């Protein structure tokens, strides 16, 4: 009796008064709020027993009393070696490789390689993401086809390939001695799964360009939380660029084109899902920063998080019976199979390009490349899928990206200035 009002409150008509897409009216189980709680229940069925086991081993003082062949596994999963990095502030990023006597041409080639790899991986990923979530498969003259609805299966596909790639990389290259208890990865994994699920589901209610701009505006809630919770202070340019981003996003969202369709209108459900994405993604990055205080590489982080992501998603899919249904959908539509596999390949390769680019050129260059990628993604989506953007909306997009580039420029200037400060002085904290 309590679920029905919640489900009705989540309908897009609450915000827009527009008709719901037929694909979303098949059953109550197709509404995102119902699926969210079902998925969460599936994760809880794994998390709760795991939590109880961890508490049992800790109360029993297993490190001193435990014996047998299971002891190393339990020690690694529950206790770890508890060795943390001395330089905790620098743990979140890999050590940057300085160009030792490398020619300018070689550095330019490396930069072009990184930029091309990031753009190809994530632009292809964005186009495929929108194709899978908003278009039908198997359409003919007499049959309208069917949409793929299970976002969790796509998350599982992405994570299983990322887990495989990270595992092979760790096995073939020298990595730091691992010290973090394995169970601590589960927190970042859970929030990462939920943020990815919200991201896929949001495309059923909002356009891809809207989603990209929402990601770009994450800095605003991050600054608000930093001010209210952590009492952080920010420079004037941070407030200015945050205000510009807010104005640009508002211009884009409030602009209306003459040919807007139901698939491109921003709905209440889409806004809620985007808010969920931003909240869960912010928790993921903050928890990963805390984990980096242990001696580990980014690829080890990628491996540890994806181990639990695969466990959570496959467990939930099996409990719901959705794994077999998704596999049957793949068997019926070979085009979907190719799209899902390519989507996972782009996601895994993109993560490796992220690590390599930051290692070679630093975070500032990486941010510029990814900001350009967001602009190209909006343009590509409008060209391929026919999203209408008015002049006011286009101006809003331009304002957002000008503000993002101003942030990158101002941050690099602040870093240079902070290096010249006396030892006793510390610069203000920045987002």
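These residue numbers are counts, starting from 1, taken along the chain as shown.
For all residues, glycine too, the Cβ spot is worked out from N, Cα and C.
Residues annotated as signal peptide in TrEMBL: 1-17. What TrEMBL records for 33-57, 108-128, 153-172, 236-255, 261-280, 301-318, 338-356, 363-386, 392-410 is transmembrane segment.
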Open item on the list: Taking contact to mean 3 or more CB pairs closer than 8 A (sequence separation of 6 or more), are the transmembrane segment (153-172) and the transmembrane segment (338-356) in contact?
Closed with: yes
Open item on the list: Restricting to CB pairs under 8 Å, which listed stretch, 236-255, 301-318, 363-386, 392-410, is in contact most with the transmembrane segment (33-57)?
Closed with: 301-318
Task: Cβ contacts under 8 Å made by the transmembrane segment (338-356) with residues that lie 6+ beyond its boundaries - done: 94, 114, 117-118, 120-122, 124-125, 128-129, 131-132, 154, 157-158, 160-162, 164-166, 169, 298-299, 302, 330, 366
Task: Cβ contacts the transmembrane segment (392-410)/the transmembrane segment (108-128), at least three under 8 Å, sequence gap 6 or more - done: no
Open item on the list: Within the same chain, where does the transmembrane segment (301-318) have neighbours whose Cβ lies under 8 angstroms from its own Cβ atoms, ignoring anything closer than 6 residues to its ends? I mean 6 or more beyond.
Closed with: 39, 42-43, 45-47, 150, 152-153, 155-156, 159-160, 162-163, 166-167, 169-170, 180, 182, 185-186, 188-190, 192-193, 288, 291-292, 326, 351, 355
Task: Positions whose Cβ lies under 8 angstroms from the transmembrane segment (108-128), at least six residues beyond its ends - done: 208, 212, 339, 342-343, 346-347, 349-350, 353-354, 356-357, 360-361, 365-366, 369-370, 372-373, 376-377, 380-381, 384
